[in-house]
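In Swiss-Prot this protein carries:
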- R24, E81, K120, K455: (6S)-5-formyl-5,6,7,8-tetrahydrofolate binding site (BINDING)
- 216-378: domain 'TrmE-type G' (DOMAIN)
- 226-231, 245-251, 270-273, 335-338: GTP binding site (BINDING)
- N226, T245, I247, T250: K(+) binding site (BINDING)
- S230, T251: Mg(2+) binding site (BINDING)
Amino acid sequence: MIPARDTIAAVATAPGRGGVGIVRVSGPRARAIAITLSGREPTPRHAHYGPFHADDGEVIDEGLLLFFPGPHSFTGEDVLELHGHGGPVVLDMLLQRCVDLGVRLARPGEFSERAFLNDKLDLAQAEAIADLIEASSAQAARNAVRSLQGEFSRRVHQLTERLIQLRIYVEAAIDFPEEEIDFLADGHVLAQLDGVRTELSTVLREAGQGALLRDGMTVVIAGRPNAGKSSLLNALAGREAAIVTDIAGTTRDVLREHILIDGMPLHVVDTAGLRDTEDQVERIGVQRALSAIGEADRILLVVDASAPEASDPSALWPEFLDFSPEPGKVTLIRNKADLTGEAIVLRCDNDGQATLSLCARSGEGLELLREHLKHCMGYEQTAESSFSARRRHLDALRLADEHLRHGHDQLTLAGAGELLAEDLRLAQQALGEITGAFSSDDLLGRIFSSFCIGK
(Lines of atoms letter the chains of each structure in order from A and count residues from 1; the text may use other names and numbers.)
(Lines give C-alpha, C1' and ligand atoms only; values in the text may rest on other atoms or scores of the structure.)
Protein backbone atom coordinates (compact mmCIF):
# COMPACT_ATOMS: atom_id res chain seq x y z
CA MET A 1 0.00 0.00 0.00
CA ILE A 2 1.27 3.47 -0.88
CA PRO A 3 1.40 5.62 2.30
CA ALA A 4 -1.10 8.48 2.18
CA ARG A 5 0.36 11.93 2.75
CA ASP A 6 -2.93 13.47 3.80
CA THR A 7 -6.57 12.74 4.48
CA ILE A 8 -9.27 13.67 1.97
CA ALA A 9 -13.03 14.15 2.25
CA ALA A 10 -15.96 14.77 -0.09
CA VAL A 11 -19.71 14.36 -0.36
CA ALA A 12 -20.20 10.98 -2.03
CA THR A 13 -23.88 11.32 -2.92
CA ALA A 14 -25.36 13.25 -5.83
CA PRO A 15 -25.94 17.01 -5.47
CA GLY A 16 -29.39 18.10 -4.34
CA ARG A 17 -31.80 17.01 -1.64
CA GLY A 18 -32.49 13.42 -0.65
CA GLY A 19 -33.34 11.12 2.22
CA VAL A 20 -29.71 10.21 2.88
CA GLY A 21 -26.43 11.98 2.18
CA ILE A 22 -22.94 10.55 2.63
CA VAL A 23 -19.65 12.25 3.47
CA ARG A 24 -16.65 10.03 2.72
CA VAL A 25 -13.23 10.41 4.37
CA SER A 26 -10.06 8.50 3.43
CA GLY A 27 -6.60 8.68 4.95
CA PRO A 28 -4.66 8.37 8.20
CA ARG A 29 -6.90 10.81 10.15
CA ALA A 30 -10.16 8.97 9.39
CA ARG A 31 -10.21 7.04 12.69
CA ALA A 32 -9.45 10.13 14.80
CA ILE A 33 -12.22 12.06 13.04
CA ALA A 34 -14.67 9.24 13.73
CA ILE A 35 -13.84 9.40 17.44
CA THR A 36 -14.09 13.20 17.55
CA LEU A 37 -17.45 13.37 15.76
CA SER A 38 -19.14 10.46 17.57
CA GLY A 39 -17.37 10.53 20.94
CA ARG A 40 -16.50 6.84 20.85
CA GLU A 41 -14.13 4.33 19.30
CA PRO A 42 -15.68 2.92 16.11
CA THR A 43 -15.96 -0.83 15.64
CA PRO A 44 -14.55 -1.73 12.22
CA ARG A 45 -17.17 -2.51 9.58
CA HIS A 46 -20.10 -1.93 11.95
CA ALA A 47 -22.79 0.75 11.62
CA HIS A 48 -23.01 3.07 14.65
CA TYR A 49 -26.09 5.25 15.02
CA GLY A 50 -25.73 8.51 16.90
CA PRO A 51 -25.10 12.26 16.75
CA PHE A 52 -22.29 14.03 14.88
CA HIS A 53 -20.88 16.81 17.06
CA ALA A 54 -19.52 20.24 16.21
CA ASP A 55 -16.47 21.69 17.96
CA ASP A 56 -18.61 23.26 20.71
CA GLY A 57 -20.52 20.03 21.31
CA GLU A 58 -23.61 21.08 19.37
CA VAL A 59 -25.19 18.34 17.28
CA ILE A 60 -24.74 18.94 13.55
CA ASP A 61 -26.80 15.92 12.50
CA GLU A 62 -27.45 12.35 13.53
CA GLY A 63 -27.07 9.23 11.45
CA LEU A 64 -24.85 6.24 10.79
CA LEU A 65 -21.07 6.13 11.12
CA LEU A 66 -19.09 3.37 9.40
CA PHE A 67 -15.34 2.86 9.73
CA PHE A 68 -13.28 0.61 7.43
CA PRO A 69 -9.63 0.21 8.49
CA GLY A 70 -7.07 -0.11 5.72
CA PRO A 71 -6.06 -2.07 3.81
CA HIS A 72 -9.50 -3.72 3.87
CA SER A 73 -11.38 -0.77 2.40
CA PHE A 74 -12.24 0.67 -1.01
CA THR A 75 -9.18 2.92 -1.17
CA GLY A 76 -6.87 0.61 0.79
CA GLU A 77 -6.59 3.34 3.47
CA ASP A 78 -8.63 3.98 6.60
CA VAL A 79 -12.06 5.05 5.33
CA LEU A 80 -14.86 6.75 7.25
CA GLU A 81 -18.41 7.23 5.99
CA LEU A 82 -20.91 9.55 7.64
CA HIS A 83 -24.50 8.76 6.58
CA GLY A 84 -26.65 11.73 7.50
CA HIS A 85 -29.70 13.49 6.14
CA GLY A 86 -29.46 14.41 2.48
CA GLY A 87 -29.78 18.18 2.64
CA PRO A 88 -26.98 20.17 0.99
CA VAL A 89 -26.61 22.53 3.99
CA VAL A 90 -26.27 19.68 6.50
CA LEU A 91 -23.78 17.83 4.30
CA ASP A 92 -21.76 21.00 3.81
CA MET A 93 -21.65 21.49 7.60
CA LEU A 94 -20.40 17.92 8.09
CA LEU A 95 -17.81 18.35 5.36
CA GLN A 96 -16.61 21.64 6.83
CA ARG A 97 -16.31 19.97 10.24
CA CYS A 98 -14.01 17.36 8.67
CA VAL A 99 -11.94 20.10 7.04
CA ASP A 100 -11.61 21.84 10.42
CA LEU A 101 -10.22 18.56 11.78
CA GLY A 102 -7.33 18.53 9.33
CA VAL A 103 -8.54 17.00 6.07
CA ARG A 104 -8.65 18.58 2.64
CA LEU A 105 -11.34 18.45 -0.02
CA ALA A 106 -10.84 15.61 -2.48
CA ARG A 107 -10.24 16.16 -6.17
CA PRO A 108 -12.65 14.54 -8.67
CA GLY A 109 -11.93 10.80 -8.79
CA GLU A 110 -9.30 10.93 -6.03
CA PHE A 111 -10.86 8.11 -3.98
CA SER A 112 -10.77 5.80 -7.01
CA GLU A 113 -7.26 7.02 -7.83
CA ARG A 114 -6.06 6.02 -4.36
CA ALA A 115 -7.74 2.64 -4.76
CA PHE A 116 -5.84 2.18 -8.03
CA LEU A 117 -2.51 3.30 -6.55
CA ASN A 118 -3.01 0.92 -3.61
CA ASP A 119 -3.74 -2.03 -5.95
CA LYS A 120 -7.37 -2.38 -4.83
CA LEU A 121 -8.47 -2.23 -8.46
CA ASP A 122 -6.86 -1.72 -11.84
CA LEU A 123 -7.46 1.11 -14.30
CA ALA A 124 -10.19 -0.68 -16.28
CA GLN A 125 -12.08 -1.44 -13.06
CA ALA A 126 -11.73 2.17 -11.90
CA GLU A 127 -13.18 3.40 -15.20
CA ALA A 128 -16.03 0.90 -14.81
CA ILE A 129 -17.15 2.79 -11.69
CA ALA A 130 -17.72 5.93 -13.76
CA ASP A 131 -19.32 3.86 -16.54
CA LEU A 132 -21.78 2.31 -14.07
CA ILE A 133 -22.78 5.74 -12.76
CA GLU A 134 -23.24 7.10 -16.29
CA ALA A 135 -24.92 4.00 -17.79
CA SER A 136 -27.81 4.95 -20.08
CA SER A 137 -29.34 1.47 -20.38
CA ALA A 138 -29.77 -1.67 -18.29
CA GLN A 139 -27.37 -3.63 -20.53
CA ALA A 140 -24.72 -0.92 -20.26
CA ALA A 141 -25.07 -1.03 -16.46
CA ARG A 142 -24.72 -4.83 -16.43
CA ASN A 143 -21.60 -4.60 -18.58
CA ALA A 144 -20.10 -1.96 -16.28
CA VAL A 145 -20.71 -4.17 -13.25
CA ARG A 146 -18.93 -7.07 -14.97
CA SER A 147 -15.98 -4.80 -15.75
CA LEU A 148 -15.96 -3.57 -12.15
CA GLN A 149 -15.85 -7.19 -11.01
CA GLY A 150 -12.81 -7.70 -13.23
CA GLU A 151 -14.19 -9.50 -16.30
CA PHE A 152 -12.53 -7.19 -18.85
CA SER A 153 -9.29 -7.09 -16.85
CA ARG A 154 -9.27 -10.89 -16.61
CA ARG A 155 -9.49 -11.20 -20.39
CA VAL A 156 -6.67 -8.67 -20.84
CA HIS A 157 -4.51 -10.43 -18.23
CA GLN A 158 -5.03 -13.76 -20.01
CA LEU A 159 -3.83 -12.22 -23.26
CA THR A 160 -0.88 -10.61 -21.50
CA GLU A 161 0.15 -13.88 -19.86
CA ARG A 162 0.09 -15.67 -23.21
CA LEU A 163 2.23 -12.91 -24.69
CA ILE A 164 4.72 -13.17 -21.82
CA GLN A 165 5.07 -16.93 -22.30
CA LEU A 166 5.55 -16.44 -26.03
CA ARG A 167 8.15 -13.73 -25.44
CA ILE A 168 10.09 -16.04 -23.11
CA TYR A 169 10.15 -18.75 -25.78
CA VAL A 170 11.16 -16.39 -28.60
CA GLU A 171 13.86 -14.61 -26.60
CA ALA A 172 15.28 -17.93 -25.41
CA ALA A 173 15.57 -19.03 -29.04
CA ILE A 174 17.38 -15.77 -29.84
CA ASP A 175 19.73 -16.05 -26.85
CA PHE A 176 20.80 -19.63 -27.64
CA PRO A 177 21.42 -19.68 -31.41
CA GLU A 178 23.98 -22.48 -31.08
CA GLU A 179 21.21 -25.03 -30.45
CA GLU A 180 20.76 -27.42 -33.37
CA ILE A 181 16.98 -27.01 -33.34
CA ASP A 182 15.61 -23.81 -34.88
CA PHE A 183 12.93 -23.03 -32.31
CA LEU A 184 11.54 -20.16 -34.39
CA ALA A 185 10.90 -22.45 -37.34
CA ASP A 186 9.44 -25.45 -35.53
CA GLY A 187 5.85 -24.21 -35.85
CA HIS A 188 5.32 -23.72 -32.12
CA VAL A 189 5.84 -19.96 -32.17
CA LEU A 190 3.58 -19.45 -35.17
CA ALA A 191 0.82 -21.58 -33.65
CA GLN A 192 1.01 -19.70 -30.35
CA LEU A 193 1.07 -16.35 -32.13
CA ASP A 194 -1.98 -17.24 -34.21
CA GLY A 195 -3.77 -18.34 -31.03
CA VAL A 196 -3.09 -15.03 -29.31
CA ARG A 197 -4.26 -13.10 -32.37
CA THR A 198 -7.49 -15.11 -32.50
CA GLU A 199 -8.20 -14.48 -28.82
CA LEU A 200 -7.37 -10.79 -29.20
CA SER A 201 -9.78 -10.54 -32.13
CA THR A 202 -12.55 -11.99 -29.95
CA VAL A 203 -11.85 -9.56 -27.11
CA LEU A 204 -11.72 -6.65 -29.57
CA ARG A 205 -15.10 -7.61 -31.04
CA GLU A 206 -16.70 -7.83 -27.58
CA ALA A 207 -15.06 -4.58 -26.52
CA GLY A 208 -16.50 -2.90 -29.61
CA GLN A 209 -20.00 -3.95 -28.60
CA GLY A 210 -19.36 -2.80 -25.03
CA ALA A 211 -18.16 0.60 -26.25
CA LEU A 212 -21.27 1.00 -28.40
CA LEU A 213 -23.50 0.28 -25.41
CA ARG A 214 -21.55 2.81 -23.37
CA ASP A 215 -21.12 5.65 -25.87
CA GLY A 216 -23.78 5.03 -28.52
CA MET A 217 -23.62 7.23 -31.58
CA THR A 218 -24.61 10.74 -32.56
CA VAL A 219 -27.08 11.01 -35.45
CA VAL A 220 -27.77 14.41 -36.99
CA ILE A 221 -31.00 14.98 -38.90
CA ALA A 222 -30.35 17.59 -41.61
CA GLY A 223 -32.07 18.86 -44.73
CA ARG A 224 -33.99 21.71 -46.31
CA PRO A 225 -36.82 23.44 -44.43
CA ASN A 226 -40.13 21.56 -44.31
CA ALA A 227 -38.58 18.25 -45.40
CA GLY A 228 -39.90 16.54 -42.26
CA LYS A 229 -36.81 16.59 -40.05
CA SER A 230 -38.68 17.38 -36.84
CA SER A 231 -41.34 14.79 -37.68
CA LEU A 232 -38.57 12.20 -38.02
CA LEU A 233 -37.10 13.23 -34.65
CA ASN A 234 -40.53 12.87 -33.01
CA ALA A 235 -41.03 9.47 -34.64
CA LEU A 236 -37.67 8.18 -33.39
CA ALA A 237 -38.21 9.64 -29.91
CA GLY A 238 -41.76 8.33 -29.67
CA ARG A 239 -43.03 11.68 -28.42
CA GLU A 240 -43.55 15.30 -29.50
CA ALA A 241 -40.00 16.45 -28.85
CA ALA A 242 -40.04 19.11 -31.58
CA ILE A 243 -42.69 21.53 -32.83
CA VAL A 244 -43.99 20.54 -36.25
CA THR A 245 -45.77 23.06 -38.51
CA ASP A 246 -46.15 23.73 -42.23
CA ILE A 247 -44.18 26.97 -41.80
CA ALA A 248 -40.66 26.74 -43.18
CA GLY A 249 -37.96 27.56 -40.63
CA THR A 250 -39.91 26.49 -37.52
CA THR A 251 -36.80 24.83 -36.06
CA ARG A 252 -34.15 27.49 -35.55
CA ASP A 253 -31.84 25.84 -33.05
CA VAL A 254 -30.34 22.43 -32.36
CA LEU A 255 -32.65 20.00 -30.53
CA ARG A 256 -31.23 16.88 -28.86
CA GLU A 257 -32.99 13.67 -27.87
CA HIS A 258 -31.44 10.59 -26.26
CA ILE A 259 -33.14 7.32 -27.12
CA LEU A 260 -32.33 3.60 -27.05
CA ILE A 261 -32.44 1.16 -29.94
CA ASP A 262 -32.27 -2.38 -28.56
CA GLY A 263 -30.13 -1.09 -25.71
CA MET A 264 -27.79 1.01 -27.87
CA PRO A 265 -27.83 4.72 -26.91
CA LEU A 266 -28.64 7.01 -29.80
CA HIS A 267 -28.07 10.75 -29.51
CA VAL A 268 -30.38 12.29 -32.12
CA VAL A 269 -29.85 15.92 -33.13
CA ASP A 270 -32.51 17.86 -35.05
CA THR A 271 -31.21 20.92 -36.86
CA ALA A 272 -32.46 24.07 -38.55
CA GLY A 273 -33.37 23.79 -42.22
CA LEU A 274 -30.42 24.37 -44.56
CA ARG A 275 -31.07 27.39 -46.75
CA ASP A 276 -29.82 30.90 -47.45
CA THR A 277 -31.72 33.36 -45.28
CA GLU A 278 -31.61 37.01 -44.27
CA ASP A 279 -33.08 36.21 -40.85
CA GLN A 280 -30.19 36.60 -38.37
CA VAL A 281 -31.58 34.09 -35.84
CA GLU A 282 -32.25 31.48 -38.51
CA ARG A 283 -28.80 32.08 -40.01
CA ILE A 284 -27.22 31.29 -36.62
CA GLY A 285 -29.32 28.11 -36.52
CA VAL A 286 -28.00 27.08 -39.94
CA GLN A 287 -24.41 27.59 -38.78
CA ARG A 288 -25.07 25.45 -35.71
CA ALA A 289 -26.61 22.81 -37.95
CA LEU A 290 -23.50 22.72 -40.13
CA SER A 291 -21.30 22.47 -37.03
CA ALA A 292 -23.35 19.50 -35.76
CA ILE A 293 -23.08 17.83 -39.17
CA GLY A 294 -19.30 17.99 -38.99
CA GLU A 295 -19.27 16.20 -35.60
CA ALA A 296 -21.85 13.50 -36.37
CA ASP A 297 -21.26 9.75 -36.47
CA ARG A 298 -24.15 9.47 -38.94
CA ILE A 299 -26.11 12.06 -40.93
CA LEU A 300 -29.69 11.55 -42.01
CA LEU A 301 -30.21 13.96 -44.93
CA VAL A 302 -33.99 14.32 -45.18
CA VAL A 303 -35.62 15.31 -48.47
CA ASP A 304 -39.26 15.74 -49.41
CA ALA A 305 -39.87 12.82 -51.76
CA SER A 306 -42.90 14.62 -53.23
CA ALA A 307 -40.87 17.69 -54.22
CA PRO A 308 -39.47 17.94 -57.76
CA GLU A 309 -35.98 18.97 -56.60
CA ALA A 310 -33.01 16.62 -56.92
CA SER A 311 -32.05 14.14 -54.22
CA ASP A 312 -28.32 14.69 -54.64
CA PRO A 313 -26.92 16.06 -51.33
CA SER A 314 -24.60 18.51 -53.09
CA ALA A 315 -27.48 19.83 -55.19
CA LEU A 316 -29.76 20.24 -52.17
CA TRP A 317 -27.24 22.34 -50.30
CA PRO A 318 -23.91 23.22 -51.98
CA GLU A 319 -21.98 23.62 -48.70
CA PHE A 320 -23.30 20.37 -47.21
CA LEU A 321 -20.43 18.09 -48.21
CA ASP A 322 -17.89 20.66 -47.02
CA PHE A 323 -19.17 20.11 -43.48
CA SER A 324 -19.53 16.34 -43.83
CA PRO A 325 -15.95 15.11 -44.42
CA GLU A 326 -17.03 11.53 -45.10
CA PRO A 327 -19.81 11.17 -47.71
CA GLY A 328 -20.15 7.54 -46.61
CA LYS A 329 -21.61 8.78 -43.31
CA VAL A 330 -24.71 10.16 -45.07
CA THR A 331 -28.00 8.29 -45.42
CA LEU A 332 -30.50 9.95 -47.75
CA ILE A 333 -34.01 9.84 -46.26
CA ARG A 334 -36.82 10.23 -48.80
CA ASN A 335 -39.59 11.34 -46.47
CA LYS A 336 -43.33 11.60 -47.29
CA ALA A 337 -43.20 8.41 -49.35
CA ASP A 338 -46.95 8.09 -48.76
CA LEU A 339 -47.47 11.04 -51.13
CA THR A 340 -45.44 9.49 -53.95
CA GLY A 341 -46.58 5.91 -53.52
CA GLU A 342 -42.98 4.66 -53.63
CA ALA A 343 -42.02 1.48 -51.84
CA ILE A 344 -40.80 1.62 -48.25
CA VAL A 345 -37.35 0.23 -48.90
CA LEU A 346 -33.64 0.73 -48.19
CA ARG A 347 -31.39 0.88 -51.25
CA CYS A 348 -27.61 1.14 -51.66
CA ASP A 349 -26.05 2.18 -54.98
CA ASN A 350 -22.69 1.09 -56.35
CA ASP A 351 -20.94 3.96 -54.55
CA GLY A 352 -22.32 2.81 -51.20
CA GLN A 353 -24.85 5.66 -50.93
CA ALA A 354 -27.76 4.46 -48.77
CA THR A 355 -31.24 5.77 -49.56
CA LEU A 356 -34.29 4.97 -47.43
CA SER A 357 -37.88 5.81 -48.36
CA LEU A 358 -40.20 6.24 -45.38
CA CYS A 359 -43.06 8.25 -43.92
CA ALA A 360 -42.16 9.92 -40.63
CA ARG A 361 -45.74 10.92 -39.80
CA SER A 362 -47.17 7.39 -40.08
CA GLY A 363 -44.06 5.59 -38.88
CA GLU A 364 -43.74 3.44 -42.01
CA GLY A 365 -40.09 2.58 -42.59
CA LEU A 366 -38.95 3.48 -39.06
CA GLU A 367 -38.01 -0.10 -38.21
CA LEU A 368 -35.89 -0.23 -41.37
CA LEU A 369 -34.17 2.97 -40.25
CA ARG A 370 -33.46 1.57 -36.78
CA GLU A 371 -31.92 -1.59 -38.25
CA HIS A 372 -29.91 0.53 -40.68
CA LEU A 373 -28.50 2.67 -37.85
CA LYS A 374 -27.50 -0.42 -35.88
CA HIS A 375 -25.81 -1.83 -38.97
CA CYS A 376 -23.92 1.42 -39.60
CA MET A 377 -22.37 1.24 -36.14
CA GLY A 378 -21.71 -2.49 -36.28
CA TYR A 379 -24.07 -3.17 -33.37
CA GLU A 380 -25.47 -6.68 -33.05
CA GLN A 381 -28.09 -7.25 -30.37
CA THR A 382 -27.28 -10.97 -30.26
CA ALA A 383 -23.51 -10.44 -30.18
CA GLU A 384 -21.78 -11.31 -26.92
CA SER A 385 -20.78 -8.28 -24.88
CA SER A 386 -19.83 -9.19 -21.34
CA PHE A 387 -18.04 -6.02 -20.23
CA SER A 388 -17.93 -2.26 -20.64
CA ALA A 389 -15.21 -0.67 -22.77
CA ARG A 390 -14.09 2.78 -23.80
CA ARG A 391 -12.63 4.12 -27.01
CA ARG A 392 -9.16 4.26 -25.48
CA HIS A 393 -9.49 0.53 -24.74
CA LEU A 394 -10.37 -0.12 -28.39
CA ASP A 395 -7.38 1.95 -29.51
CA ALA A 396 -5.08 -0.07 -27.25
CA LEU A 397 -6.49 -3.40 -28.46
CA ARG A 398 -6.16 -2.34 -32.10
CA LEU A 399 -2.58 -1.22 -31.50
CA ALA A 400 -1.74 -4.57 -29.91
CA ASP A 401 -3.35 -6.36 -32.86
CA GLU A 402 -1.29 -4.27 -35.30
CA HIS A 403 1.95 -5.19 -33.52
CA LEU A 404 1.01 -8.88 -33.56
CA ARG A 405 0.19 -8.70 -37.27
CA HIS A 406 3.52 -7.02 -37.94
CA GLY A 407 5.31 -9.59 -35.80
CA HIS A 408 3.61 -12.39 -37.71
CA ASP A 409 4.95 -10.94 -40.96
CA GLN A 410 8.45 -10.61 -39.49
CA LEU A 411 8.41 -14.29 -38.54
CA THR A 412 6.86 -15.77 -41.68
CA LEU A 413 8.46 -13.53 -44.31
CA ALA A 414 11.87 -12.74 -42.85
CA GLY A 415 12.40 -15.15 -39.96
CA ALA A 416 13.43 -12.12 -37.91
CA GLY A 417 13.19 -13.30 -34.32
CA GLU A 418 14.55 -10.08 -32.83
CA LEU A 419 11.93 -7.96 -34.59
CA LEU A 420 9.20 -10.42 -33.59
CA ALA A 421 10.31 -10.14 -29.95
CA GLU A 422 10.09 -6.35 -30.13
CA ASP A 423 6.58 -6.47 -31.60
CA LEU A 424 5.51 -8.85 -28.83
CA ARG A 425 6.88 -6.41 -26.25
CA LEU A 426 5.02 -3.49 -27.82
CA ALA A 427 1.79 -5.51 -27.97
CA GLN A 428 2.15 -6.33 -24.28
CA GLN A 429 2.75 -2.66 -23.51
CA ALA A 430 -0.41 -1.66 -25.43
CA LEU A 431 -2.47 -4.13 -23.39
CA GLY A 432 -0.88 -2.77 -20.22
CA GLU A 433 -2.30 0.66 -21.03
CA ILE A 434 -5.79 -0.78 -20.49
CA THR A 435 -5.25 -2.00 -16.93
CA GLY A 436 -2.70 0.62 -15.93
CA ALA A 437 0.35 -1.64 -15.92
CA PHE A 438 1.96 0.77 -18.41
CA SER A 439 0.31 4.17 -17.95
CA SER A 440 1.75 7.65 -17.86
CA ASP A 441 0.87 10.06 -15.06
CA ASP A 442 -0.75 12.31 -17.68
CA LEU A 443 -3.11 9.52 -18.77
CA LEU A 444 -4.04 8.71 -15.16
CA GLY A 445 -4.70 12.38 -14.47
CA ARG A 446 -7.04 12.71 -17.46
CA ILE A 447 -8.98 9.56 -16.55
CA PHE A 448 -9.54 10.25 -12.85
CA SER A 449 -10.27 13.97 -13.33
CA SER A 450 -13.38 12.99 -15.33
CA PHE A 451 -14.88 11.17 -12.30
CA CYS A 452 -17.39 12.58 -9.85
CA ILE A 453 -16.11 14.19 -6.67
CA GLY A 454 -16.48 11.61 -3.90
CA LYS A 455 -15.72 8.66 -6.20
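The backbone N, Cα and C atoms fix where each Cβ goes, glycine too.
For N226 (GTP binding site), the number of other Cβ atoms no farther than 10 Å from its own Cβ, over all displayed protein chains, is 20. Of all the binding-site residues listed (R24, K120, K229), K120 has the fewest other CB atoms within 10 A of its CB.
Mean pLDDT for the domain 'TrmE-type G' (216-378) in this predicted model: 75. Here E81 ((6S)-5-formyl-5,6,7,8-tetrahydrofolate binding site) comes close to A12, I22, V23, R24, V25, L64, L65, L66, F67, F68: these same-chain residues lie at least six apart in sequence, with C-beta atoms under 8 angstroms from its C-beta.
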